[in-house]
Amino acid sequence: MNYTPYSSPAPGLTISPTMDPVTWVYFSVTFLAMATCVCGIVGNSMVIWLLSFHRVQRSPFCTYVLNLAVADLLFLLCMASLLSLETGPLLTASTSARVYEGMKRIKYFAYTAGLSLLTAISTQRCLSVLFPIWYKCHRPQHLSGVVCGVLWALALLMNFLASFFCVQFWHPDKYQCFKVDMVFNSLILGIFMPVMVLTSAIIFIRMRKNSLLQRRQPRRLYVVILTSVLVFLTCSLPLGINWFLLYWVELPQAVRLLYVCSSRFSSSLSSSANPVIYFLVGSQKSHRLQESLGAVLGRALQDEPEGRETPSTCTNDGV
């Protein structure tokens, strides 16, 4: 994750008619990633606007979804900035290096926050499935807000320490940087992702069991969570293991270049996908064009089985 202080994967590359095929692929995927970032920025901004300023039907997971949208938006803004710095001489070399490093730090902060928030969503949904009585009657009222605050603080602390040991302007000790990266990436890949996979598997098994026994469609919230987790694991995992490949595996420069740009595109796609998932799951075929976006989003996050959806207007904290 932090293998060089100013780790542009394609130093000195410029667009020209004489570019080799690898460079053409790099710039093509990069521009595709930038277009994806723009779409994702619009989509996540819309989700934040609807959950913050519109009175929509909400589930107890509206706080998590709002925070996840903020993390995705921040990630996409930083990714778009990094790609812009790499593909165009927008700043002087020294200023560009500092801006690039700052954007990279914020990007990984947002990535860590998004991963931990999605893990919290699947874990809390799993607890509600395994212990429904406790979840309904004894769960602390402001649990969602507290958990989100703790996860943001943890992500900030992790990335502050990584920045302190890995940024050349502060503490350019590569050995210390390596150890810090090993600890933090082991935490991400050894705890967060396994917990996300395990809890999602439990949700999927319970969803399938209920669907077969009761012969009705699964709750939309189940579909939203499972789809979001699947997209994250499929598209964002390459960025999560980026550090491992760059540290331990000797790859040709062309392969490294293609892997980095493809992992950036897939992670941008992952952060842009959640708004699409919400609106696809929440929409009804017969009223797809007539309903407001707030109603569609509220239905996607409604914590009620099909056929029992009732309006609820919880606040972001009182969940």
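Placed from the backbone N, Cα and C atoms, the Cβ positions cover glycine too.
Now, the feature entries from Swiss-Prot:
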- 1-30: topological domain 'Extracellular' (TOPO_DOM)
- 52-64: topological domain 'Cytoplasmic' (TOPO_DOM)
- 86-92: topological domain 'Extracellular' (TOPO_DOM)
- 114-144: topological domain 'Cytoplasmic' (TOPO_DOM)
- 166-184: topological domain 'Extracellular' (TOPO_DOM)
- 206-220: topological domain 'Cytoplasmic' (TOPO_DOM)
- 242-260: topological domain 'Extracellular' (TOPO_DOM)
- 282-319: topological domain 'Cytoplasmic' (TOPO_DOM)
- 31-51: transmembrane segment (TRANSMEM)
- 65-85: transmembrane segment (TRANSMEM)
- 93-113: transmembrane segment (TRANSMEM)
- 145-165: transmembrane segment (TRANSMEM)
- 185-205: transmembrane segment (TRANSMEM)
- 221-241: transmembrane segment (TRANSMEM)
- 261-281: transmembrane segment (TRANSMEM)
At an 8 Å Cβ cut-off, counting only pairs 6 or more apart in sequence, do the transmembrane segment (261-281) and the transmembrane segment (185-205) clear the bar of 3 or more pairs?
no
Thinking of Cβ pairs under 8 Å, which stretch from 65-85, 93-113, 185-205 has the most of them with the transmembrane segment (145-165)?
93-113
Per-region confidence, the topological domain 'Extracellular' (242-260) (mean pLDDT, whole number):
73
Using Cβ atoms and a strict cutoff of less than 8 Å, what residues sit near the transmembrane segment (221-241) while being 6 or more residues removed from its termini?
59, 61, 111, 114-115, 118, 121-122, 125, 185, 188-189, 193, 196-197, 200, 203-204, 207, 259, 262-264, 266-267, 269-271, 273-274, 277-278, 281, 300-303
Would you list the DSSP helix, strand and coil counts for the residues of the topological domain 'Cytoplasmic' (114-144)?
25 helix, 0 strand, 6 coil
